[in-house]
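K.L.:
This structure is in structure tokens; I'll ask about it shortly.
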There are 2 protein chains.
Amino acid sequence: MKCTRCKKIAAVALPSHNAGFCPECFKVFFSRQVEKAIKERTLFSKEDRILIALSGGKDSLALARELHLLGYNTAGLYIDLAIPGSSETARDHVERFCRDLGISLHVLEMEKEGMPIPEVRKKFNRPVCSVCGRIKRYYFNRFALDNGFSVLATGHNLDDEAARLFSNVMRWDVSYLGSQGPDLPAEQGFVRKVKPLYRLSEFETANYSFLAGIDYCYAPCPYSKGASFTYYKYLLDELEHEQPGRKISFYEGFLNRGRQAFDHIDQEGGEKPGPCPRCGYPTTGDICGVCRIREVMHR
Amino acid sequence: MKCTRCKKIAAVALPSHNAGFCPECFKVFFSRQVEKAIKERTLFSKEDRILIALSGGKDSLALARELHLLGYNTAGLYIDLAIPGSSETARDHVERFCRDLGISLHVLEMEKEGMPIPEVRKKFNRPVCSVCGRIKRYYFNRFALDNGFSVLATGHNLDDEAARLFSNVMRWDVSYLGSQGPDLPAEQGFVRKVKPLYRLSEFETANYSFLAGIDYCYAPCPYSKGASFTYYKYLLDELEHEQPGRKISFYEGFLNRGRQAFDHIDQEGGEKPGPCPRCGYPTTGDICGVCRIREVMHR
């Protein structure tokens, strides 16, 4: 197979794009897909101050590298969860990566915030992933708002997004369907959230990270029972194999035609959130979810 | 495994209902699912005159038997497509079935209408299935309207419906999504259309037909390249195996929460159909699709 762009020997075959690329041209392809996502969904501009949520994994580092090379005004935020044998390694990867590329990096330590995840885990009976996810979303959002960032960018890829959409459709969860996408606008108390890798599959971000020589963190979180939506990702991979391009057309079809159908439903249902009396974070309860976690931790 | 109802030995296991049934109780279960569908979606009442589209296959005969036993006012319509080695056999099955149960049967012969399918097939370059489907829908609808039936019932089962929904969702075909369901209301020129087997899987209708001793026609149409949505049915079967009950919850979730989202989109888009100047059937073109086929046949 020859490279679709330069006719050298291809290293990456992409049936979904009916194309194949050599290592150099694959990076160009990757870059153009990111640019296309940014332009088509008007995710942000060169004027924006973009905070990138960095975990140390391939997706978030690939995103940071690409936005940096494209000349956007970026900074990274790593949240140190204090998980033994995991957080320190990931932090090392992130710190080295940012130093090498000259990306400014901020670190928030959950130990200092009074909620190191191992302690949180001991206090809650349910799986810690949802609690941990809530804490991370809270701090990423709050840090962005408190420090004047106009956008928070995360490394969610096409597989993440398509699997989440698939899950929402299987349950016809219309309120989630109304508010899913790579371009969630700012709302009272919430920074604008974007996912510039939504056009790129996990296979593609893995290839990019490898070919770009990104030294990312492979190890999954020791508390996680595997990636979320694993089974739906498997099903969508089967479908993609049978119908190349289906994953992106399913997701983009939703963005272009499906999502608007759920807009008005989303607005009709549910209470409008007000500010948490303790921290100001938007909540529909008495206090917000993270202040509640904080309360449990102090018991 | 014991029968969930009578505690005898179960013959049919239904993980989706977390139940198992002996042959007699399975038929009761089947019957109750049909009644539940009729009631929950107010498909029809004892006052309605119901025309049942009969193909001779397991689904349509199971439907006819069940509606007849439940005391509804039914008649069958068989459309003889004049396909050699197929139509005659199917017609025999249907005629014997209706005679045995005392269901009144009507037969329309496409030969007499000037469009035997083998001739239609010769005149068209594209696969005949879509043309044949169009002809059948036309005559089922027209026969119902011309003969004072208030409802047309078809034997589509849960697998058919879930696969069609899945296909529409994969393409985010919002106009089809707005008008899919087991309860399509009457519109100008269209009789009310219902699918009382929508809660029952193909496995369940096959079991019912076997246990009820229905002598149905096994052979697929010789012109068909296999059932429609075959691959989606396979994927949904995998999903059902992993998450028992997912198929019905996906389909009912759509009916209860999803479908309404597409209502207004459906009405916004597309022209309102007017009557075909030749036959009066609703169409958005100069003449309707079947009159166009008729025209091609006369060339």
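These residue numbers are counts, starting from 1, taken along the chain as shown.
Using the three backbone atoms N, Cα and C, a Cβ is placed for every residue, glycine included.
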K.L.:
Can you match one of A:I79, A:I83, A:I135 to the ATP site that TrEMBL gives for A:A53, A:L54, A:S55, A:D59, A:G155, A:D160?
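P.N.:
Among A:I79, A:I83, A:I135, only A:I79 appears alongside A:A53, A:L54, A:S55, A:D59, A:G155, A:D160 as ATP-binding in TrEMBL.
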K.L.:
Please report the Cα separation of A:D160 (ATP binding site) and A:C25 (Zn(2+) 1 binding site) in Å, rounded to an integer.
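P.N.:
Answer for this pair: 25 Å between alpha carbons.
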K.L.:
May I have the DSSP-based helix, strand and coil counts for the residues of the domain '2-thiouridine synthetase TtuA-like N-terminal LIM' (A:2-26)?
P.N.:
7 helix, 8 strand, 10 coil
K.L.:
Could you check which of the binding-site residues (A:C3, A:C25, A:C276, A:C279, A:C291) sits closest to A:G155 (ATP binding site), going Cα to Cα?
P.N.:
A:C25
K.L.:
Given the binding-site residues A:L54, A:C288, A:C291, which one's Cα is the least distant from that of A:C3 (Zn(2+) 1 binding site)?
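P.N.:
Minimum Cα distance from A:C3 (Zn(2+) 1 binding site) across A:L54, A:C288, A:C291 lands on A:L54.
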K.L.:
Which one is it, among the binding-site residues A:C25, A:C276, A:C291, that lies nearest to A:A53 (ATP binding site) by Cα separation?
P.N.:
A:C291
K.L.:
To the nearest Å, how far is the Cα of A:C291 (Zn(2+) 2 binding site) from the Cα of A:I79 (ATP binding site)?
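P.N.:
With distance taken Cα to Cα, A:I79 (ATP binding site) is 18 Å from A:C291 (Zn(2+) 2 binding site).
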K.L.:
For A:G155 (ATP binding site), what is the tally of other C-beta atoms lying within 10 angstroms of its C-beta?
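P.N.:
Around the Cβ of A:G155 (ATP binding site), 22 other Cβ atoms lie within 10 Å.
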K.L.:
According to DSSP, collapsed to three classes, what secondary structure does A:G155 (ATP binding site) have?
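P.N.:
Its secondary structure by DSSP: coil.
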